[in-house]
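Per Swiss-Prot, the features are as follows:
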MOD_RES   Thr52  phosphothreonine
MOD_RES   Lys74  N6-acetyllysine
BINDING   Glu229, Arg273, Ser427, Arg431  L-aspartate binding site
MOD_RES   Ser249  phosphoserine
REGION    251-254  region 'Aspartate'
BINDING   Arg273, Ala274, Glu275, Arg281, His282, Leu283, Glu424, Gly472, Leu473, Glu474, Arg475  ATP binding site
MOD_RES   Lys374  N6-acetyllysine
Amino acid sequence: MPSTNASRKGQEKPREIVDAAEDYAKERYGISSMIQSQEKPDRVLVRVKDLTVQKADDVVWVRARVHTSRAKGKQCFLVLRQQQFNVQALVAVGDHASKQMVKFAANINKESIIDVEGVVRKVNQKIGSCTQQDVELHVQKIYVISLAEPRLPLQLDDAIRPEVEGEEDGRATVNQDTRLDNRVIDLRTSTSQAIFRLQSGICHLFRETLINKGFVEIQTPKIISAASEGGANVFTVSYFKNNAYLAQSPQLYKQMCICADFEKVFCIGPVFRAEDSNTHRHLTEFVGLDIEMAFNYHYHEVVEEIADTLVQIFKGLQERFQTEIQTVSKQFPCEPFKFLEPTLRLEYCEALAMLREAGVEMDDEEDLSTPNEKLLGRLVKEKYDTDFYVLDKYPLAVRPFYTMPDPRNPKQSNSYDMFMRGEEILSGAQRIHDPQLLTERALHHGIDLEKIKAYIDSFRFGAPPHAGGGIGLERVTMLFLGLHNVRQTSMFPRDPKRLTP
């Protein structure tokens, strides 16, 4: 007589056979073999953002990440995410899905990439948790393309939760270091996707606007033989048997291009600053949007051109990127960015008067501190209702050696900064284009003339009057969106304490 265990084993085998036989959907789900470009099937993958009521009752294929999953009886709800868009998907026991298929779907790890075939169905009640609120996907086939590990270093729902909301109800939020240590996952959040799509828009609008204005895009060297501005805040690199430096600015080369008769130039590229500044707005590497332009009679021709370029960028962002702006504001609420046309321009002495009236003690030739910049921004907003303005005629003593002195007041200079929400985003000036005056100013600043010989020599053969400035891309993004740390708007930030990832 067989043992009880043997009897049980004998009973289990036919049950397994029955279960396998009942899994009529076994060909409709599973883990796909690795895609190694073995074939190119004639299959169109529909974008999640295009799943609307216009596609109701269509059978579509979608590739997306599993954002969340929730099993309930004989059905499983998935939220499928593709960049900043998501849609609800339903796997339910029926003609196309077996209970084994539902179980398989429910157990797919979050962040896995899957291919799904399903029917787009209009829903009676809006799905508030998804961007595609009017439809859901009724799944007929589901295949895992890339399986994520079960333990994630951070949860995306926590990463997009407003900090205030987390503090109020005790739910988790994700701190900055955790985000940056796991940047690839953090960049998947809808907020990060929106930030960097808008930042891409800034570059596009900058380039588009300037090309329409007759500017020429140039590329300048980042490995140079001497510190860009004769200063010490440079990174030194080994260059064969000599030392070289990473460029602090493309300015000297922009000016050389003006001397070479290009008249109007701009460039977009990395800028390196070896400054041990651990603040909310400083990076050791950032993207510079740089402009240089010859003018006819007055450097204000250039100031107006740069200010108008920034205004065109602001208008373009508000017209073309409302979805991204609203996505970011859900997590980081902020007042809409305001600006005037034409741009408000104040002289430095006017700013000093406003600050002194507010109780700040400052000398006439003293530079603005960060707190005073922010205070001035609030005062300007109260008085003029603008977040963007130009501050003109800085004291000569606080500007670099190549800055043109004001001919009427030797203590002032033909220089300017531009501000967004009380923080500087551009520093610029009319450059000295006379080699003799340039030499005098360099010596006044204690700069070794031999190290800037090539720069000074470029003005010896006729140089037009010109001016320009450099804009920090990450700062513009941060301040336009009302964010509080430039690391949020740098894809892989570099600061004195971070060199990875």
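The backbone N, Cα and C atoms fix where each Cβ goes, glycine too.
Annotated features taken from Swiss-Prot, shown on the structure.
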residue: Thr52; record: phosphothreonine; DSSP class: coil
residue: Lys74; record: N6-acetyllysine; DSSP class: coil
residue: Ser249; record: phosphoserine; DSSP class: coil
residue: Arg273; record: L-aspartate binding site; DSSP class: coil
residue: His282; record: ATP binding site; DSSP class: coil
residue: Lys374; record: N6-acetyllysine; DSSP class: helix
residue: Glu424; record: ATP binding site; DSSP class: strand
residue: Arg431; record: L-aspartate binding site; DSSP class: strand
residue: Arg475; record: ATP binding site; DSSP class: helix
Legend entry - Distance [Cα-Cα, Å, rounded] between Lys374 (N6-acetyllysine) and the residue listed as 'phosphoserine': 25
Legend entry - Long-range environment of the region 'Aspartate' (251-254) - Cβ separation under 8 angstroms, sequence gap at least 6: 218, 220-221, 228-229, 265, 267, 290-292, 455, 468, 470
Inset, instruction - Measuring CA to CA, name the entry from the recorded positions Thr52, Glu275, His282, Glu424, Arg475 that ends up nearest Arg431 (L-aspartate binding site). - result: Glu424
Legend entry - Least Cβ-crowded entry, counting other Cβ within 10 Å, from the recorded positions listed as Thr52, Ser249, Ser427: Thr52
Inset, instruction - Could you round the CA separation between Ser427 (L-aspartate binding site) and His282 (ATP binding site) to a whole angstrom and send it over? - result: 15
Inset, instruction - Average the per-residue pLDDT over the region 'Aspartate' (251-254) and send me the rounded value. - result: 92
Inset, instruction - Sorry to bug you, but what's the C-alpha spacing from Thr52 (phosphothreonine) to Glu424 (ATP binding site), rounded to the closest Å? - result: 43
Inset, instruction - Let me know the largest Cα to Cα distance in Å among the ATP-binding residues Arg273, Ala274, Glu275, Arg281, His282, Leu283, Glu424, Gly472, Leu473, Glu474, Arg475, as an integer. - result: 19
Legend entry - Packing count at Arg273 (L-aspartate binding site) (other Cβ atoms within 10 Å of its Cβ): 19
Legend entry - Distance, Thr52 (phosphothreonine) to His282 (ATP binding site) (CA atoms, angstrom): 43
Legend entry - Cβ-Cβ neighbours of Lys74 (N6-acetyllysine) (radius 10 Å): 14
Legend entry - Densest Cβ neighbourhood among His282, Lys374, Arg431, Arg475 (recorded positions), 10 Å radius: Arg431
